[in-house]
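K.L.:
Here it is: the structure, laid out below.
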Amino acid sequence: MRMGIRTGAQYISGLKSRKPEIWLSGRRVINVCEEPVFKQPIREIARLYDMQHDPEYQDKITHICTETGERVSNAFLVPKSREDLLARRALFEVWARATFGLMGRTPDFLNVVLTSLYSNASFLEKYNPQWAENIRAYYRYVRDNDLFLTHAIINPQNDRSKPSHEQQDTFTHLGVVRETPEGLIVRGAKMLATLAPITDEVIIYTFPGYKPGDERYAVSFAIPIDTPGLRILCREPMQDGTRPLFDHPLASRFEEMDALLVFNDVLVPWDRVFIYNNVEAANLLYPKTGIAQQPAHQTGVRGLIKLQFATEVAIRLADSIGVDVYLNVQNDLGELLQSVEAIRALLHLAEHELEVLPSGEVMPGWVPLETIRGLLPKLYPRAVEVLQIIGAGGLLMSPTGADFANPELAADMEKYYAGRIGVGGEERVRLFKLAWDLCGEAFGQRLLQYERFYTGDPIRKRAIFYNNIKRERTLVMVDEALRMPNQQEKVVNA
């Protein structure tokens, strides 16, 4: 049965219908929807689904699927023109603004990944036509049911000096144990499955780096998050779900739980297998299917909004205590504003320097998108640093909402926590709490680490970028400069 876009209530109903094996702080979570740590993030994701039905947003972020006649998310749109890319960007922007860019793995991210796999599935036909057909069928299933995916594509950090097949245990890293008539039996672990406890399915896909001997680990597939044998081991929560929204306005709303996925002889049906036992296909999946490029459009838009939000908080923080009159503060804030505009310009360039694939699919320009990926790991930490510098000791001295609610403390709260003229005590404290969640809380430090590494090691990414540019572009101006003396000499001699 085709459904098309879901509501928030339907998303929550889906969560309630499943019983995945989730472990949190040494205990098993029985009801994910009632677990305090997950309650608010579930509400935030549900709110995004509801926006698809809101007349203010529906035509901006969804479209009528030509294949089914149902309304579906723009994340499932295979772009054939700049207008299609901008339609997808509208979705990225609306959802990112709803979360201030602080939730990096909202449903649109992996749905775009899956759409790229679908539109370029022909790449797999030379290896196994059934793999390509499986991806196409899975895309339609996720699209028509508006599912929320997580992914786990990184091996656990064990001995990184050795490939998967040389680890102490054969199945430390996720690999295939055996084949059965029903499908593959897989065992081992993958990380870093963001929001896994509150998603519908998990997709495993491959990155370059597989070596001969890694065949059993060269596997890509998707399964429901409650598949028997799949264990979700959550990291320590950054918040316990009980702290007041006044005191932690961002951390209490937008924390994305990360998890290690342990596969204990899990059955992957044959129709859910996308790659198996093929190192070459596993190494080429990332560069050949657009999953390096199309999702970078989503992460670029989200990163822009996150950087813009941090910049706006810094500006308001400086204004609230009157320090924006000082040249050094103006310099720092001007730097952040220029960073925002640089990322905005790069996104605009990516949406206009298009690449058209033989299939007719339009790709945003990879050079500006990779430039964003290289810059954000530097620019966002700098924004956090500026917040820390401007807020200084004030970030460490915020009272709680309970203090403001106590009549006996009201006069002190207003007198000693007020900002410049016109900024009351509660307003200033709420602003400082917003800043603290971004730059001081464990939640904020996780955001910082995420921005540094969500796309991989930034040093390695910049090295790859350099090598790609070196292969594609000749140093024409240097050659022209080196020829100039000879040309001048000929003119003089003549």
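Placed from the backbone N, Cα and C atoms, the Cβ positions cover glycine too.
According to Swiss-Prot, the feature substrate binding site maps to R105, T106, P107, D108, F109, H151, F207, P208, an assignment based on similarity to another entry. Annotated FAD binding site per Swiss-Prot: H151, A152, I153, Q157, N158, D159, R160, T194, D457, P458, I459, R460, in sequence order.
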K.L.:
Counting only other Cβ atoms and using a 10 Å cut-off, which of the binding-site residues T106, N158 scores lowest?
P.N.:
N158
K.L.:
Over all pairs within H151, A152, I153, Q157, N158, D159, R160, T194, D457, P458, I459, R460, the annotated FAD binders, what is the largest Cα to Cα distance, rounded to whole Å?
P.N.:
23
K.L.:
For the binding-site residues F109, F207, which Cβ has the most other Cβ atoms within 10 Å, all shown protein chains included?
P.N.:
F109
K.L.:
Please work out the number of neighbouring Cβ atoms within 10 Å of the Cβ of I459 (FAD binding site), leaving out its own Cβ.
P.N.:
10
K.L.:
Between the Cα atoms of R160 (FAD binding site) and P208 (substrate binding site), what distance do you get, rounded to the nearest Å?
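P.N.:
Their Cα atoms are separated by 15 Å.
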K.L.:
Can you tell which of the binding-site residues I153, N158, D457, I459 lies nearest to F207 (substrate binding site) in space, using Cα positions?
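P.N.:
Nearest by Cα distance to F207 (substrate binding site): I153.
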K.L.:
Among all the protein chains here, how many other CB atoms are within 10 A of the CB of P107 (substrate binding site)?
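P.N.:
Excluding its own Cβ, the number within 10 Å is 24.
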K.L.:
Quick check for the class: what is the C-alpha distance, in angstrom and rounded, between P107 (substrate binding site) and I153 (FAD binding site)?
P.N.:
17
